[in-house]
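See below for the structure under consideration.
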Amino acid sequence: MKLQNVRWNWLKAMYIYSAVIASAFGLGILLAPDMMISIFKLPPQEPVMFGITGGADLSVGICCILALVLKTPLKFSPVLFFQMTYKLLWSIFVILPILFRGELQGYGWFFFLSYLTFIIGDIIAIPFAYIFSSNEAE
């Protein structure tokens, strides 16, 4: 893969965006779940599943911080691929059926639209040729 084909500014922007938003959201869920439920006006949450979401978001945020601190953006690009994939699958299999039934509530719209910003940003930023390259020396 030619490194000049990498959208470096987009890659850095998505690491920063994910580091800030995913870390904050993940920490909020893990350390103050009741506060997060109140802030986002969520219905009562099952703590184990809610905690999985918080753990996954915080993990993505930490990996994005490492990509920025260690200055190894290509090595951490699969993290953005993971983020894009899980948010896209959630949107397709959870939100779209609720939307088509006309039952999507305010908090659902908020998460759906915010996830779309991650999905679109990740699609632009991810160096897919690098991730799917068969050359391990890169």
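Note: Cβ is positioned from N, Cα and C throughout, glycine not excepted.
Going by TrEMBL, these are the annotated features:
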type	residues	note
TRANSMEM	15-36	transmembrane segment
TRANSMEM	48-70	transmembrane segment
TRANSMEM	76-100	transmembrane segment
TRANSMEM	107-132	transmembrane segment
Hey, would you say the transmembrane segment (107-132) packs against the transmembrane segment (15-36), going by three or more CB pairs under 8 A that are 6+ residues apart?
yes
Could you tell me what the rest of the chain brings near the transmembrane segment (48-70), counting residues at least six beyond its ends with Cβ under 8 Å?
12, 14-16, 18-30, 33, 76-77, 79-80, 82-83, 86
